Structure formats: C-alpha cells, structure tokens
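**Q** One structure is given below, represented as structure tokens, and several questions about it will come after.
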Amino acid sequence: AAVGGGGPAGPQAAGAAPAPVPGPGAVLIGDRLYSGVLITLENCLLPEHTLRFTPSMSSGLDPDTETELRVTGCELIQAAGILLRLPQVAMATGQVLFQRFFYTKSFVKHSMEHVSMACVHLASKIEEAPRRIRDVINVFHRLRHLREKKKPVPLILDQEYVNLKNQIIKAERRVLKELGFCVHVKHPHKIIVMYLQVLECERNQHLVQTSWNYMNDSLRTDVFVRFQPESIACACIYLAARTLEIPLPNRPHWFLLFGATEEEIQEICLKILQLYTRKKVDLSDLESKIEKKKLAIEEAKAQAKGLVPEGVPSLDNTSGFSPIPKNESPKEVKGNKPSPLPVQAMKNAKRKTEGAKRTSSNSPVNG
C-alpha cells in the first residue's frame with residue numbers, strides 16, 4: 001500500500017550527528033521537514049517473503065485451507081456482485097482488495113464472510129456504483145441460505161442485524177487502514193484488448209472472449225499481488241491461444257514485446273489451471289477448521305496466563321485468586337436463606353401492617 005518515509009526531521013542538537021537528508025518530495029510544514037509519501041501500483045505487489053509465510057500460517061492454518069478460503073471468498077464476492085448488478089470492474093476490485101487484505105491479516109482472527117461483504121461495499125463505492133450496505137447483507141444472507149439448501153427467507157431487521165451492520169462497517173475501515181487507503185487497481189481487461197489489436201487478432205471473438213474469461217477466473221487466485229497486470233494479460237492471451245490452438249508469433253515470442261517473461265507466464269497459467277482441478281469444498285467445513293484454530297489460540301493464551309485448559313485458575317497463580325476453598329457452595333447458601341421479597345412488595349406489606357396496627361392494636365400481626 002502507501003509507503004510513508006519516516007517522521008519529521010527535528011532541529012539538530014549541538015554536537016549531535018547530522019540529520020538524514022530527506023528524499024525527493026519532502027514537505028516543509030512550519031519548522032519541521034517531513035519526508036514524502038510514494039503511492040504507486042508497484043507498492044501493491046508483495047515481496048516473496050510475505051507471500052511465503054502469511055499471517056494465517058502464523059495462526060496455525062495450513063496453506064491448503066487458506067487457499068480454499070481465498071477462492072471461496074472471491075467466489076462469494078463474484079456471486080454477490082452479480083445479484084447486486086454491479087459492473088464487472090467493481091467485482092474485480094473487490095476480489096483484489098480481499099486478496100491484499102488477507103496478506104496482512106489472518107483468516108483465523110478476521111471473518112472471511114464479513115471481509116467479503118466489506119470488500120463488496122467498498123469496491124462499489126470505489127468504482128462509482130454504490131450499493132446500500134443493507135442490500136449487501138441481504139444478498140449474502142440469501143447466498144448462505146442457498147448454499148445450505150434452505151428456503152430463502154427475508155432478513156429480520158432486529159438487533160442481530162444492527163450488530164452485523166456495525167461489524168461490516170468496522171471491517172471496511174480495517175481494510176482501508178491495512179491497505180494504507182491505496183485501493184486503486186489496474187485491471188488488465190483493457191490491456192488484453194489492446195494487445196490483441198497489436199497481434200491483429202481482435203476480430204477473433206472466440207479468442208477475445210476466452211482470454212477475458214481466463215482473466216475473470218484469475219481474480220480468484222493471488223496473481224494480482226504477485227505480477228504486473230501486463231504480465232497477467234499476456235498469460236491470459238497465451239492460455240486462450242493454446243486452448244483454442246491459435247498460432248501466435250514465436251520468433252521471437254510475441255509476449256517479449258510487452259515486457260513479460262516466459263517464466264512469469266507459465267507460473268500465472270499454472271495458477272489459473274489449478275482452479276479447474278480443485279474439488280468443491282463445503283464452507284461449513286472451512287469454518288469449523290477456523291473455529292478449532294481459534295479455540296487452540298485461546299487455550300494457548302490461557303496456559304500462558306497460568307490457567308488450565310478448562311479455564312479454571314490454577315492454585316499456583318495466587319494473584320487475584322484465593323487458594324482457600326469456601327465451606328459451602330453459593331447454591332446451598334441460597335437454599336437455606338429465605339428468598340428476599342421485591343422492594344415494592346415489602347413496602348406494601350409494611351403499609352398493610354401499619355394499617356392493621358391502627359385499626360386494632362390488640363390483634364396479632366402476621367410476620
């Protein structure tokens with residue numbers, strides 16, 4: 001996302017080392033010199049060490065489950081966008097933002113479905129096709145019922161709905177914060193058309209449509225955080241041409257003209273083709289795996305604090321807990337003592353007693 005270069009360069013103290021020279025684009029505000037902020041599309045491409053060890057892996061989630069969650073989340077965004085009648089560019093933006101976010105945060109600590117809703121709502125505003133957050137929640141509610149093979153029922157606007165709406169708003173803010181408000185996505189769809197015009201193949205509608213389809217399917221993978229959009233466009237054209245057995249110039253290879261390498265194209269094509277060999281996974285199974293990881297993390301935290309796995313404090317941890325057991329349980333104490341009357345009932349009884357005393361002082365009063 002956005003890359004900010006440090007804080008202000010304060011006044012230099014006597015005898016101190018010289019202050020570092022600010023880079024280009026430095027801004028002088030008052031008497032302080034602030035370094036510039038660089039926002040480019042290259043910042044959205046993640047380094048290899050970030051891709052190799054993700055936050056979800058550090059939470060104990062295996063790579064296969066994480067990949068399935070990424071694919072399922074992008075499919076949810078695509079299906080919701082179709083029901084909301086969003087333009088394809090908005091759905092593509094939402095899927096790229098979803099992929100970027102979960103390279104900074106873990107699937108175990110953040111709900112995949114809530115982040116999917118937040119990305120749909122955010123992408124609709126970015127691409128100037130805004131949808132109400134209530135409509136987004138309704139669409140995901142219907143998709144969940146269809147996925148569980150239940151009869152779709154209208155969403156009830158109760159307190160649970162209000163809580164869900166607030167959670168999605170918070171998730172949207174969290175996505176913006178983690179991405180540094182750098183939410184621009186350069187989509188390769190226009191690049192595909194331009195490259196096919198250069199190759200004089202733009203009249204082959206079958207080739208154009210197949211390349212476009214591969215482009216939309218590649219949004220479910222993480223190629224948009226790994227490669228430049230020009231390389232992705234070349235890979236989609238290359239894969240479509242090979243599928244349709246359409247010859248393209250190879251002496252030299254045509255994609256070298258557009259700055260793509262053969263290694264990049266092969267890796268992108270392999271990522272796309274892996275989508276068509278994966279088995280359909282039930283989302284409830286993935287959610288159960290995440291719940292198990294959450295419980296494991298909570299148990300580890302409890303053990304680190306000196307608590308046993310059942311959540312009962314251990315006897316050696318005397319801070320805040322008395323090791324001396326009580327003689328009798330609270331239930332037994334409650335059973336031996338009479339239940340206290342409500343305040344209003346006591347007042348009424350007292351008023352009746354006083355009235356009876358006034359009328360006949362000799363009559364016995366029931367306690």
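Using the three backbone atoms N, Cα and C, a Cβ is placed for every residue, glycine included.
Sharing the feature lines straight out of TrEMBL:
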type: COMPBIAS; residues: 358-367; note: compositional bias 'Polar residues'
type: DOMAIN; residues: 75-177; note: domain 'Cyclin-like'
type: DOMAIN; residues: 186-309; note: domain 'Cyclin C-terminal'
type: DOMAIN; residues: 190-274; note: domain 'Cyclin-like'
type: REGION; residues: 307-367; note: region 'Disordered'
**Q** Summarise the domain 'Cyclin-like' (75-177) as counts of helix, strand and coil residues per DSSP.
**A** 72 helix, 0 strand, 31 coil
**Q** Taking the domain 'Cyclin-like' (190-274) alone, what is its mean pLDDT?
**A** 91
**Q** Helix, strand, coil residue numbers for the domain 'Cyclin-like' (190-274) per DSSP?
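**A** The composition, in the requested order, is 60 helix, 2 strand, 23 coil.
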